[in-house]
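Listed in Swiss-Prot:
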BINDING   Cys60, Cys61, Cys125, Cys156  [4Fe-4S] cluster binding site
REGION    230-250  region 'Disordered'
COMPBIAS  231-250  compositional bias 'Polar residues'
Amino acid sequence: MSVTPSIDAVRDLRAASCGPVGAPSVTSELSENIILTSLDDLHNWARLSSLWPLLYGTACCFIEFAALIGSRFDFDRFGLVPRSSPRQADLLIVAGTVTMKMAPALVRLYEQMPEPKYVIAMGACTITGGMFSADSTTAVRGVDKLIPVDLYLPGCPPRPEAIFDAVIKLRKKVGDESVSERIKIAQTHRYFTVPHQMKRVEPIVTGAYLSADTQKAALSPGAGLPMAAELNTSEIDASPASQPSSTYES
């Protein structure tokens with residue numbers, strides 16, 4: 001048996017449904033289906049999940065990074081997609097020794113990368129010059145003298161697990177950035193390439209020491225000693241083997 005509502009109940013229902021819309025209340029069901037965030041968090045989340053590295057390997061450290069491409073470590077889960085062009089990359093991984101001759105090429109690759117961009121210095125040779133920092137005259141003592149570095153990864157060479165740890169720390173840095181702060185920093189902390197004005201230097205070792213008086217005095221006691229037959233140039237020049245032959249044997 002149905003109950004017919006009264007006229008007053010119908011009027012109250014019409015007034016409640018046709019009145020002005022009030023502020024909606026966020027229920028527990030709505031908060032579970034909608035994520036409230038900011039523009040910075042959304043932008044950083046998209047960037048940290050799609051880091052595209054440009055691999056700049058010059059020595060043995062790059063072999064350890066090449067192991068990440070295999071299925072054992074599977075670095076694709078971090079969104080890392082290796083790129084061969086600097087214009088498509090936002091992460092530069094420098095692995096190995098950087099020499100004076102390779103320094104301009106490295107700086108050019110960094111300048112061709114779009115903003116925002118990050119750099120990971122991988123290995124002791126990249127960070128400080130490594131075992132080449134003591135005696136080598138061409139090794140760069142630290143890649144941070146050429147380009148700004150965001151994260152240092154020590155080791156000789158670092159293991160693939162250490163590279164994962166470096167990527168995770170870089171993702172945390174990317175997630176804490178702000179668009180407005182990054183614009184201000186870009187205006188006050190700009191990176192300019194320093195042109196190297198190189199000039200020619202005369203060689204130090206020219207062979208002039210052989211004609212010095214001290215060298216002549218050291219060689220004078222052996223001036224009167226007999227010379228071995230094998231070192232006698234006059235006999236070598238007169239030998240038949242040293243003369244060119246005009247006939248050919250078939």
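Using N, Cα and C of the backbone, Cβ positions are placed for all residues, glycine too.
Neighbour counts were taken at the CB atom with a 10 A radius for the binding-site residues Cys60, Cys125, Cys156; the maximum falls on Cys125. Within 8 A of the CB centroid of the [4Fe-4S] cluster site residues Cys60, Cys61, Cys125, Cys156, the other residues of that chain are Ala59, Ala95, Gly96, Thr97, Gly123, Ala124, Thr126, Gly130, Gly155, Pro157. Sequence-distant neighbours of Cys61 ([4Fe-4S] cluster binding site) (same chain, six or more apart, CB under 8 Å from its CB) are Ala95, Gly96, Met122, Gly123, Cys125, Thr126, Gly155, Cys156, Pro157, Pro158, listed in sequence order.
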